[in-house]
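In what follows, a structure is listed as structure tokens, so that the remarks can point back to it.
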Amino acid sequence: ELLPEEEKENARSVRIPKSRILTLPELRANPFQHRICRVFSTSEDGDDSMSFEDFLDMLSVFSDSATSEIKSHYAFRIFDFDDDGTLDKKDLENLVNCLTGQSEESRLNSAEMEQLIQNILEESDIDKDGTINLSEFQHVISRSPDFASSFKIVL
Amino acid sequence: PRAPGAAAAPRREAAAQVGFRAALYFLFLREFQQADIKYLSGWNQWKRSSRKSWKKVFDEAKEVLSYLELWRHDIHSIEGKFGTGIQSYFSFLRFLVLLNFVIFTLMFSFVTLPSIISKYGIFNSSFDEIPAKSIEPHCTVYTPSGNKGLIYFYTYPKDLLSGTGFLEMTSLFYGYYTIDAAWISIFRYNLPLAYLLTTFAYLALSLLWIIKRSVEGFKQNLVHDEDQFQSYCNKVFAGWDFCITDLNAARLKHRSLQYELKTDLEEERLKQKIADRTMKDKLRIYSLRIFLNIIVLAVLSGCFYSIYRATVFSQGNISNVSIRHDIRTNSNLLVQYLPSIVITLANFIAPQIFSVLIRLEDYSPAFEIRLTLMRCVFVRLANIGVLLFSLWSQISYCATEKCKACGYNYELYPCWESQVGQEMYKLLIFDFIIIVAVTLFVDFPRKLLVTYCSCKPVQWCGLQEFGISDNVLEIIYGQTICWIGTFYSPLLPAIATMKYFIVFYIKKISLIHTRKPSARPIRASSSNFFFLVVLLIGLVLAFIPLGISIAHIPSSKACGPFRNFNTSWAVVPHTILGFPTGLQKVLYGIASEAFAVPFFMVICLVMFYFIALAGAHKRVVEQLREQLVMESRDKLFLIRKITEAQKPLD
């Protein structure tokens, strides 16, 4: 229950602060929790708070019935850490660090990271410009067998 | 001048727009295709709705059945806390408990129950004990010591541990089943035939059950083993399971992702290194490998020889005492357990040596793990074979003419099947004792030491990891003993069931309190398949001693259901001779060459057909893969064209 009792009447218009969103069980163990809040929040203050509409948007994208195109579109926005519209080396590095854990010893060392990013770009960068844009990303996702089953949240 | 990134952005936007529009187009196409389904005929609609309701019924039935599953909650909690690799070990243990229980039910209901019913005359039954004809009288003398005269109280636990004394004449061992036929009202129950057929039945049942379970794992393994097309992208972009809500599970997932990425990168580096090897390097590596394999063979022969000597010594000491006192008395417990001790030591030392040697052989990590495991499996299973072989060499050793008339050493082994059953019983009990002792006297003190003593070397040693493959090999070794031993000791599966039942709880407690989680998370699907493959190897290796014993070695004439036959197998031809002539002709026809050769040819044809089918599918997969590569090249070409076409717009 994210909303305190007294605000239930104006549930439609109130915005929940980010700290409370992150207490949701579905999000609290997720390494991409901050990016998810940033992507789905429509708040003008940039404080990543979410209204009911934003919350619905998030759940609908992560639901089973969302199409793969919508999911890959939003996945691209979530993985784009610097919000520049492409996944460059820095974004991929951030992504891999999120996957392997937040502590120092769980990260890959720089040589391994370099090798991994090279391999990823080799597999997905079609126009060989060193970054992955949306269509390249969607192309890779469409051939990935695990994406549909992992990119979903079941309440 | 604008920064290059800013100039590239609108071009990328345009390319993205193209992609997005294409996506929308395909979206609409799919919607139209799905709309067609609404106009199906009434019959098809009824079929679909009935299929849906049947599916609901099946799902609910499956859910109800899953509540009856043994240890469902325990295994679920283990999976949540320790990951799917360790959970697969416990599921495997549960499978073995069930398998042993079913085998016990089989043996009990078809062999033990009729014997007991007819011996005690329940349900107005009686039994036939046909006296031996045309067999030397000296072969039929069998006087187990049993409970004769004054027995010291400490002989009871000793008997319990070694299967001699009062246990020898119970239904636990082969020697109890001396009935040739049981009469239950008017129905004649042929016990020797039932004994043999039940043995074949439980072996076949185990084989079919294991194959059925491994088929699911095999399909998954086939799919995963293929060189993944874009494994890195798949692992990075679709690696995180967004359904994880538990922090522990999240930590496990982080760790397993890190491990997977690291091992994949390492494999790639190693492949590069192997490809870069010069001729001189290759020569050096291969000669080193040959040398190390010779060392492995030497270690193996050392193990086998020591087991052989231990068995001969142990059997010699037991028999020496008996010849002196003219009755078979119990000898020292240590001497009795000597083969088990030597086998357990060999099973412990050999894998350590192998894991040291494999590091010098410079293989890729995945191959290293597999080769070490194969070697350990071979050591464990071959040790049992060597034990049986040495037992048989003792049993069939015949120096005198009288002995040759019986076919086996009648003085020392009047009822040799019970002896073999006792050895298997001792192995099983000793295995159980070792598991309990290691947990009590090694794991718990280690945990106490690590918790309360903060000196450097202790902390560096730390807690022990839960080695999944070691534990699995341990229980497979126990299961192979059970399979071989059930023929000689029909109630052994019951003991095995209870043993595995208790081992489950011991291992669970040990895991929760004294182990640290493994640094190398293992994929569950491949582990499941691997466990079942090794279990299958154990079963096939159990066929061999049983087959030799049933068909080749003369059965003892002093005890057991096969006293009146030359070998245990001889009861089958004897029964067939009693069938009507028509049925006899059919059975002889099936066993003759005129049937076997065409049958074999048909089987070969079917196999070739399936191999050709698999080859054709593989070729199609290759072609589709090439098409995908071409498609990406086409896309690359199109994107270039688009960016070129947009240049004049800037």
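Here the Cβ of each residue, glycine as well, is placed from N, Cα and C on the backbone.
Listed in TrEMBL for this protein:
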type	residues	note
DOMAIN	B:415-525	domain 'TMC'
TRANSMEM	B:95-117	transmembrane segment
TRANSMEM	B:193-211	transmembrane segment
TRANSMEM	B:286-308	transmembrane segment
TRANSMEM	B:337-360	transmembrane segment
TRANSMEM	B:372-392	transmembrane segment
TRANSMEM	B:424-442	transmembrane segment
TRANSMEM	B:529-553	transmembrane segment
TRANSMEM	B:595-616	transmembrane segment
Proximity of the transmembrane segment (B:529-553) to the transmembrane segment (B:337-360), 3+ C-beta pairs under 8 angstroms: no
Long-range environment of the transmembrane segment (B:286-308) - Cβ separation under 8 angstroms, sequence gap at least 6: 339, 342-343, 346, 350, 353-354, 357, 360-362, 375, 378-379, 382-383, 386-387, 389-390
Model confidence over the domain 'TMC' (B:415-525) (mean pLDDT, whole number): 84
Number of helical, extended and coil residues in the domain 'TMC' (B:415-525), per DSSP: 87 helix, 4 strand, 20 coil
